[in-house]
Amino acid sequence: MPKFVDTSAPGDCIFCRIVRAEIPSALIYEDELTLAFMDLGQVNPGHVLVATKRHATNLYEITKEEGAAVMNTVQKIAASIERTFNAPGLMLVQANGKEGEQTVFHFHLHVLPRHANDGVGLLWPRKEPGMEALKSYAKMLTKNIQEIELQGIPAS
Ligand SMILES: [Zn+2]
C-alpha cells in the first residue's frame, strides 16, 4: 500500500487540522501539549499516534517540555494498548525528514503494538566498524552536544 505523504503548509497540515478538530479523528487522549489518536493506517490494531498540539516539524523543533509531555502520553497509551489488545510487544517509531521516512511533517510518534509473526519488518544493516571508529564517532558527537547545550534545541 502506498504511503500517505502530507504536502500541506506548516500550520495547515493534517495533524494541525486534527488538533483544531477541523477533520475527524478517533481521539484517545489529550493534555495541554499532546494529542493521541488512532493512525488511519493501523499497521496492527491499536496503532496510535501521539503528536504535539503545536506545529513543530520534527524532533529538532519540539521544546523540552513537549518532549517530556510526549513521552508521558506515550507511556500511558502503551500501557493501555498492552491491556486492550493483549500485545506482548510494543514498538515506538519516530521519523524525521524525508530520508528518515517521515511522511507527515508535524512531530509525531507511532505507538505500535507487536505480535509474533505480525509481518512488521525493519531493515537493520549492521556494519560493525570497530572500536576505533566508534570512539571517533563518540568524540565528534560529544563535541557537538557541548555546543548544542550552549545553544539550546530548539531556541527557547
Ligand atoms: Zn501541523
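Keep in mind that glycine also has a Cβ here, set from the backbone N, Cα and C atoms.
According to TrEMBL, the feature domain 'HIT' maps to 14-121. Annotation comment: TrEMBL describes 106-110 as motif 'Histidine triad motif'. According to TrEMBL, the feature active site, tele-AMP-histidine intermediate maps to HIS108.
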>> Through the lens of DSSP with three states only, how would you label the residue listed as 'active site, tele-AMP-histidine intermediate'?
In response: strand
>> Going by DSSP assignments with H, G and I as helix and E and B as strand, what are the residue counts for the domain 'HIT' (14-121)?
In response: 34 helix, 26 strand, 48 coil
> If you average the pLDDT over the motif 'Histidine triad motif' (106-110), what number do you get?
Replying inline: 98
